[in-house]
Amino acid sequence: MSGALDVLQMKEEDVLKFLAAGTHLGGTNLDFQMEQYIYKRKSDGIYIINLKRTWEKLLLAARAIVAIENPADVSVISSRNTGQRAVLKFAAATGATPIAGRFTPGTFTNQIQAAFREPRLLVVTDPRADHQPLTEASYVNLPTIALCNTDSPLRYVDIAIPCNNKGAHSVGLMWWMLAREVLRMRGTISREHPWEVMPDLYFYRDPEEIEKEEQAAAEKAVTKEEFQGEWTAPAPEFTATQPEVADWSEGVQVPSVPIQQFPTEDWSAQPTTEDWSAAPTAQATEWVGTTTEWS
């Protein structure tokens with residue numbers, strides 16, 4: 001499909017990207033029309049997709065997209081969450097019309113509908129999940145391109161790109177590869193230099209994971225501020241003025257503080273004491289009488 005041109009051959013870095021994203025890993029089920037794209041079957045039952053055929057079909061799909069004069073006439077669709085961000089990024093890079101989320105039935109066939117469109121080419125992420133736009137495309141003679149897994153039905157699909165269309169990294173990488181090839185064939189970017197856009201921008205991210213990362217970053221920032229505050233706290237300033245001594249041989253004059261005077265008493269005067277020889281009180285006599293009775 002590449003015409004034996006070295007420029008269009010798959011590079012080693014592209015193969016490494018495919019392997020890292022798991023693009024070559026299919027499912028455990030196999031559609032009879034997808035047998036031509038299978039390289040081998042693993043011992044655990046997972047089919048391995050031939051990446052050479054994937055690259056050839058990717059170039060064919062890019063040529064079909066470039067053949068459309070108006071980029072807005074290309075509709076890219078993804079009803080699954082894993083491909084919605086990739087579809088929007090692809091549309092922003094190539095000028096296509098994205099439909100991310102639920103596809104409204106009748107968009108291609110019902111002319112009185114507000115969202116009615118007449119595209120010239122349709123690209124879907126999953127033929128099984130996006131069966132409604134594929135069915136309507138068959139009614140209006142609309143050519144279609146689809147990212148197909150080993151168990152994907154190929155009905156109403158004109159150009160099938162064999163890949164793993166279930167994983168978020170694989171789907172994002174395929175849309176990134178397709179956008180890069182489209183821009184290269186249009187002459188927007190050069191093949192000699194790498195594309196400055198990273199594939200990570202096309203990957204789907206779970207909102208819960210994003211929220212957890214933001215919370216972790218906020219906690220880390222707060223901890224860092226507290227740690228720095230302990231070490232960078234300003235030292236207390238001593239505002240007490242020190243006495244200036246010109247001649248160190250002279251003593252420092254200490255300011256005199258008046259001493260409060262208290263009245264003095266005559267300690268020689270003895271207080272009057274009671275007569276210890278006096279008879280005990282009546283209460284003591286009563287106690288003595290009580291003890292006498294007990295005896």
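In case you wondered, yes, glycine gets a Cβ from its N, Cα and C as well.
If you look up Swiss-Prot, you'll see Lys89 marked as SUMO2 cross-link. Sequence annotations record features per position, and here Swiss-Prot assigns N-acetylserine to Ser2. What Swiss-Prot lists as phosphoserine is Ser43. For Lys52, Lys89, the entry in Swiss-Prot reads N6-acetyllysine, with the evidence type similarity to another entry. The feature phosphothreonine is assigned by Swiss-Prot to Thr97, with similarity to another entry given as support. Marked as region 'Laminin-binding' by Swiss-Prot: 161-180, 205-229, 242-295. The region 'Disordered' annotation in Swiss-Prot covers 266-295.
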### Inter-residue Cα distance where the pair is the residue listed as 'phosphoserine' and the residue listed as 'phosphothreonine', in Å
42
### Task
Mind checking which residues of the chain, 6+ beyond the ends of the region 'Laminin-binding' (205-229), have their Cβ under 8 Å from one of its Cβ atoms?
85, 168
### Message
Using CB atoms and a 10 A radius, I'd like the single residue among the recorded positions Lys52, Lys89 with the highest neighbour count.
### Response
Lys89
## Note on the structure
The answer, for which of the modified residues Ser43, Thr97 has its Cβ ringed by the most other Cβ atoms inside 10 Å, is Thr97
### Task
Measure from the CA atom of Lys52 (N6-acetyllysine) to the CA atom of Ser43 (phosphoserine) and give the result in Å, rounded to a whole number.
22
## Note on the structure
Reading the DSSP string in three states, the entry for Ser43 (phosphoserine) is coil
#### Entry: Within the predicted model, mean pLDDT of the region 'Laminin-binding' (161-180)
90
### Message
From the DSSP assignment alone, can you count helix, strand and coil residues within the region 'Laminin-binding' (161-180)?
### Response
13 helix, 2 strand, 5 coil
